[in-house]
Amino acid sequence: MYTLLSGLYKYMFQKDEYCVLILGLDNAGKTTFLEQSKTRFNKNYKGMSLSKITTTVGLNIGTVDVGKARLMFWDLGGQEELQSLWDKYYAECHGVIYVIDSTDEERLSESKQAFEKMVTSEALDGVPILVLANKQDVETCLSIPDIKTAFSDCASKIGRRDCLTQACSALTGKGVREGIEWMVKCVVRNVHRPPRQRDIT
């Protein structure tokens, strides 16, 4: 009887929680993406004005519920001196969203180096990665094929994991919902990193 009640309680009052890192260089649009995610998935969330978002120093945390899953986002600062902190969070995470500023061709190689260092970490083996080519609302941005070509020599280092490169505009919200829903499917089916249980009451 206890097992039945325990199972019923879990079904009704607990969600599977997955930690997802939002990484990328500074000014790529990580925090704007996080704010748009919270606005789109949390009914009563009144987001901060996107014009007031500044460079993240440290960590922003946000939560989004999608069906029976709860995503706990950790938006980490992307400045060079803060990138050394990224790997402290790898062991706990279930997925990575890597944001690229597709309007900043000058820093594309720097972004690629940061991506390559991240994706080759053993602590992230098997963890799904969503690569967002952000700022696609800007006419002069690099296209998805341009981004894929620039990152092509990273392909062999991605290994056996779910990985998707997707167009996005965090400012307008285009591609935000699709990216989150893709990530939810991936983390839920990844048996190598089981979720944490959290009460939702």
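One-based numbering along the chain as shown.
Heads up, the Cβ atoms here are built off N, Cα and C, so glycines get one too.
Swiss-Prot lists Met1 with the feature N-acetylmethionine.
Taken residue by residue with DSSP, Gln79 (GTP binding site) is part of neither helix nor strand, so it is coil. Summarising the annotation, Swiss-Prot assigns GTP binding site to 24-31, 75-79, 134-137.
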Of all the binding-site residues here, Gln79, Gln136, which one's CB has the most other CB atoms within 10 A? Gln136
Neighbour count, 10 Å Cβ-Cβ cut-off, for Asn27 (GTP binding site): what number do you get? 17
Neighbour tally for Lys30 (GTP binding site), based on other Cβ positions within 10 Å of its Cβ: 30
Are there any residues in the same chain, six or more apart in sequence, whose C-beta is under 8 angstroms from the C-beta of Gly24 (GTP binding site), and if so which? Lys30, Gly78, Tyr98, Val99, Ile100, Asp101, Ser111, Ala114
